[in-house]
Amino acid sequence: MSLPNSSCLLEDKMCEGNKTTMASPQLMPLVVVLSTISLVTVGLNLLVLYAVRSERKLHTVGNLYIVSLSVADLIVGAVVMPMNILYLLMSKWSLGRPLCLFWLSMDYVASTASIFSVFILCIDRYRSVQQPLRYLKYRTKTRASATILGAWFLSFLWVIPILGWNHFRQQISVRREDKCETDFYDVTWFKVMTAIINFYLPTLLMLWFYAKIYKAVQKHCQHRELINGSLPSFSEIKLRPENPKGDAKKPGKESPWEVLKRKPKDAGGGSVLKSPSQTPKEMKSPVVFSQEDDGEVDKLHCFPLDIVQMQTVAEGSSRDYVAINQSHGQLKTDEQGLNTHGASEISEDQMLGDSQSFSRTDSDTTTETAPGKGKLRSGSNTGLDYIKFTWKRLRSHSRQYVSGLHMNRERKAAKQLGFIMAAFILCWIPYFIFFMVIAFCKNCCNEHLHMFTIWLGYINSTLNPLIYPLCNENFKKTFKRILHIRS
């Protein structure tokens, strides 16, 4: 594939009959515009790289692909564009063959690396959406870095034909000293083959991947709506027995990810908390909460799930018990009762791991409660069934909640990928269509149109860093902070 370079603009064989000579004064406005584009491209991509380096929130696996794309775009803006402008001004190449080969190599390598970076970014988003939980274990910075290095290695393979084409051919190509062009500029089969491998095939695969991503996200959203419509929402779940007395919902209920807490009441008929003789650190048996006629948990505090384990529930005396085991964590008391040890927010990874630890203890426990109030007994079928039901529901909703968080993030990432792909295709496809036409019809080249398609492809490197803050709130905030822009 002849990735964008301006050699065709001056190649008599490729553009013969349509070539026009432009005077330098006429070129100056165009040179100013193109130079501005080059400077903006360099500045924006440097801003992206600095933002990722300086902001910890941007240190993610997915942004490694963005860094790769930004490096490729930076090379286009800092090396390829300026030398193209210089070649356009001179109307002939007078900088020598070594510098010509360097420019051609940077042009082909950077443009291919940009295409491949978008491609592997698309694959990453596809696997994140299609296999979220499985791919999370596989999706590491080491593997992502290896994939990126592989993409750049394939891109650098362009150096072989650029520098050594004549070494692989018996016939030596005629080289024009005042032109900067590859030795295979007139080899149709090679250019068509590489165009298919480097652009058309990756583009078709990316469109297929993105269609799958779109369908998966859409299907997940429909599934979530169906679940939310048929089951109580995650925030509405309460640990309570299914009896008529406990059906009335109390105002001000808090999140289900909070551990049970009841204040003792002076008057009868209220709930009673049996205070253990040991401190929470010293407790070896579960802390048991008793509850009277209302049959409903008063308050839940945010605990990591691995310290919460459901025990058997006593039957009789209109009480229901929920036990909290401390085998995996320490509880901290305050004047109001039990509180958390500072876990107000549960991360996605914690929930994935903790949901496995949220389970019923293996052994039955018998514990005395307040005098005259009843006893916690093993073998309570009704209570045990309720505990099992509650555990299954909490586990199911925790997984749905984690899956929802992950899919929410991936939906935003898919949106970002959609904009990147749209810009990529719109900017590059005119050049490659025109390129295929020229490959089969050497007299069909129009100098001005071909130059326009080349620079349209280059402008893709300018647009990419503008897309990131539009689709990513962290990029937007970081850009504003770096540029000292107030919201």
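A Cβ is built for glycine as well, from the same backbone N, Cα and C atoms used for every other residue.
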With reference to Swiss-Prot, is Leu58 found on the same side of the membrane as Thr140?
yes
Record-annotated N-linked glycosylation site (source Swiss-Prot) among candidates Asn18, Asn325:
Asn18
Record Swiss-Prot, residue Cys180, disulfide partner from Cys100, Cys122, Cys221:
Cys100
Cys100, Cys441 as disulfide-bonded residues, winner by CB count within 10 A
Cys100
Inter-residue C-alpha distance, Cys180 (disulfide bond) and Cys444 (disulfide bond) (nearest angstrom):
21
Based on DSSP, name the secondary structure state of Cys100 (disulfide bond): helix, strand or coil.
helix
How would DSSP class Cys180 (disulfide bond) in three states?
coil
Ten-angstrom check, please: count other Cβ atoms within 10 Å of the Cβ of Cys180 (disulfide bond), all chains counted.
27
